[in-house]
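Engineer: As annotated in TrEMBL:
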- 21-37: transmembrane segment (TRANSMEM)
- 43-62: transmembrane segment (TRANSMEM)
- 89-107: transmembrane segment (TRANSMEM)
- 119-136: transmembrane segment (TRANSMEM)
Amino acid sequence: MGKQALVNRLRWYYPMERMHAYLTFPVIAVYLLWANAFRNVFFLLYGLLACIIILVQGQHYWKLKLHRLIGKDIEEEKNLQFFKQAKRLNLALVALMPIVGVVQWYVADWEIKAENLLAWALLANAFAVLEHLNYYHRQLSIDNMPDVHYVIRNKKLKISSLAKDLAENKI
């Protein structure tokens, strides 16, 4: 993908990620709290919170990449430190997921109940894990033809842009 095509893509892509981080997922969380008892949905809310935290990181990264491409200054060292710390935070959030899930199950008297929305909770937590992998390890989202061609040609997923930038210590 050429530079101008990437700039055009990031001009709509990072605001979309930002909208999901600051609007879509929080609205879902508020609705869940309104419609359900907290004790029944806290594992689901935990997964949504993890998604929000990771999406905030992702939209920030894409904003920085756009700014770099159009010649705006970015505080590279400060942002590299942010992403290194965020990666550690994400790993802690992922490590706590089974514990939060077991606590949810305990609160439900060790029963799987429909009102606990367990399937949705597992989905939200799995989505957070996949988002972390997508940003910090391998690009899981294949949403344009250059990505499709790369996967077909190399028979593997690309290393994510953020993972490359962290390895090279530059944004």
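Cβ from N, Cα, C; glycine included.
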Engineer: Below 8 Å between Cβ atoms, which of the listed ranges 21-37, 89-107, 119-136 makes the most pairs with the transmembrane segment (43-62)?
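Structural biologist: Stretch with maximum Cβ contacts: 119-136.
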Engineer: Cβ under 8 Å, sequence separation of at least 6 from the ends of the transmembrane segment (21-37): give me the contacting residues as numbers and ranges.
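Structural biologist: The answer is 44-45, 48-49, 51-52, 55-56, 58-59, 115, 117.
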Engineer: For the transmembrane segment (119-136), give me same-chain residues lying six or more residues beyond its boundaries with a C-beta closer than 8 angstroms to one of its C-beta atoms, as numbers and ranges.
Structural biologist: 41, 43-44, 46-48, 50-51, 54-55, 57-58, 61, 87, 90-91, 93-94, 97, 101, 104, 160, 162-163, 166
